[in-house]
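Only one structure is covered here, and it is reproduced in the block below.
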């Protein structure tokens, strides 16, 4: 399957998953929000179920295609720790991440989410650009 | 747990599984691909733009239908954010999030999905991510908008 076709189909499944959660439970499929509430012991049953489901995704992929999805993570450990801290802190402070603001917020035409997505896409692109000078 | 609450758990499990499979199929689980997508000034790999396009397309169509319903199937009301102001917290937080995402190529969804592969680097990232969340909530207050 061509890369852009699997990207489009995968994206559509992500959109479908967000619709299911809103249609059934009336909840935003925002991973940082779900993770943050788990951290506080809020909505633990549905939150845990969502995360277990999320983790089963690559396993179903393996059952379906006979191999694990390709992963290349080249960042060294200090960078991984710094990146993880920023992703965690920033997503709580900005009330969302790629899924909540990106998939659900944009689809709901939320101005806040549009501002958030524009901002994090901008700083992510700038970060990759600047890091390119040191590699 | 009553029956409706149990159905909500099943719905969350199903939604998470479809989300995780979609991430795996789309290429979003691969940090190298994500960073290639963000590297617009060098050799840009635009394929992951199709992930966001596909997701927002389906999500927007679905949300437009769901919006006509008085309430979701398994709850008495929709739980949607009520804040509308674009404030400094939103912009500063999103800016920090983007820097971390660009540094490693992982955001929360793919990071949690990848835990099933048991890679030490991913486990470390997720631990740091939860530490960052806990640090924020300790310093700034949790502000969980849909606590109920």
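Count begins at 1; order follows the chain as displayed.
Each residue, glycine too, has its Cβ placed from N, Cα and C.
Keep in mind the model is a prediction, meaning the values are calculated, not measured.
The transmembrane segment annotation in TrEMBL covers A:6-24 (among others). Sequence-remote contacts of a segment are chain residues at least 6 beyond its ends whose Cβ falls under 8 Å from one of its Cβ atoms, and for the transmembrane segment (A:6-24) they are 50, 99, 103-104, 107.
Residues 21, 25, 27, 29, 31, 34-35, 37-38 of the same chain sit 6 or more residues outside the transmembrane segment (A:45-65) yet have a Cβ under 8 Å from a Cβ within it. Here TrEMBL flags A:45-65 (among others) as transmembrane segment.
Taken from TrEMBL, the feature transmembrane segment covers A:71-89 (among others).
Residues or ranges marked as transmembrane segment in TrEMBL: A:114-134 (among others).
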